């Protein structure tokens, strides 16, 4: 991964210094350190939010899990707003700068809730009905802090990925930056889920959130320090405007006869539109007085170029595949919250003096993903290429991720069924409600879901980045995040539905059937895999040759 980045020095030497005075290798440490600090800050409080709400705000466990899903979903969905703002109005650098500051304000306000007792309800031993509920003012301050933190984190996450890739001229170097981006994100997430979460639960919440403030401030300072080296991309206007123009132009010419003669279409490259979705080819049909004498279009809402029409078709073709992400990520979002609840009622002791924080369990998934991103990139994918002569396509990688995800849910269901049997036999640790079963039993399914994420998450991002129009690159990289964000809301809705129709998810999961919930997710995963395979069978890559060329270049270096 470092090879193509280190070769930027040669590219810079050979390039004309008068034409390129910014961007390139010199921006790499600023972008990566910024990503590391801001990811550390955000996930340092977000990953342990359930425990904070239960212990400090006296919330019920399922209610806390739903709140986590809502705000996690918001964090994943907001990158679309940041990407559109960057593409259409401001550029990536200003959006990252403002988002980093908003995130800092949110984390500082959240840290203040740990320092002032008036901002939290009175503490109690257990989250029972006797505990004092938080006031509206206390909840208002809490939700404001979390919202600001989520807005800031969401606004910069994938915008930072696009800004970093934009610093390079060659596509293989851009691909290398994406590899470093994902590796750094998962590394920072792992550290936050261990070191910061441990500090929050074993030192103090104020100390742990203080570390988040310091990390956010460090990321912001480093990003500002490198501002003079960045290549600033110019906003090109809303990418959705071009798509809307194709629709309006095609509808206005709906009675026109679709031609097969390339001369009848407005195209700088003199090419004919493809035969798929032929109705929209009418948008590029030239009619009287639609083209000025200098070759420009008189009314862009009546005539579009062939390239604009093909870009629109590309978006339509990929939508069915992208929708499969919804049902792929919903089980992962549910597992994220339910695993913490399972960990709270399992034996988390490692030796006589150490106890695994429940909020740190997700670090197993993060480390697994981080490790297998490297294994895939350096070993599995090149080995597959030697056997078949081709690099695995993004769709193939996503499909493998589907299989691992289903397997993880099945293993988690088996583990939970074993835990419930221990509970039914009355085997607890002392007089507590903690089952006499090691939390290490949760490690295998968490490792499996991490392996699946190493396949499907980069695969989905690569698919969107390669197949969407170039004018939508920033928006394309955020689409996966948006859909994952929606999954947090669908998972919350699914939890509500299960609670209303069954007794599987009570506040005390020792009296529930969480294993049945996981089996429902397995069934849904199998159906979604079938849908994904059908969509994949009919899908034709738009930029497959370019994608293979870029992958080959990355592997060779």
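All residue numbers here begin at 1 and follow the chain in the order shown.
Positions of Cβ are set from backbone N, Cα and C atoms, glycine also.
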Problem set entry | Which listed span TrEMBL calls transmembrane segment, if the choices are 125-144, 145-164, 205-224, 225-244 | 205-224
For this session: Have a look at 47-66, 67-86 and point to the one annotated transmembrane segment in TrEMBL.
Result: 67-86
Problem set entry | Non-local residues, at least 6 beyond the ends, that sit with Cβ under 8 Å of the transmembrane segment (92-112) | 34, 38, 41-42, 45, 82, 85-86, 119, 141-142, 144-156, 159-160, 162-163, 166, 206, 209-210, 212-213, 216-217, 219-220, 223-224, 227, 230, 232-233, 474
Problem set entry | Leading stretch by Cβ pairs under 8 Å, where the reference is the transmembrane segment (518-539) and the options are 26-46, 205-224, 356-375, 395-417, 438-457 | 395-417
Exercise. Do the transmembrane segment (438-457) and the transmembrane segment (356-375) share at least 3 Cβ pairs closer than 8 Å, excluding pairs fewer than 6 residues apart in sequence?
Worked result: yes
Problem set entry | seg_contact(the transmembrane segment (318-344), the transmembrane segment (177-199)) with at least 3 CB pairs under 8 angstroms, min sep 6 | no
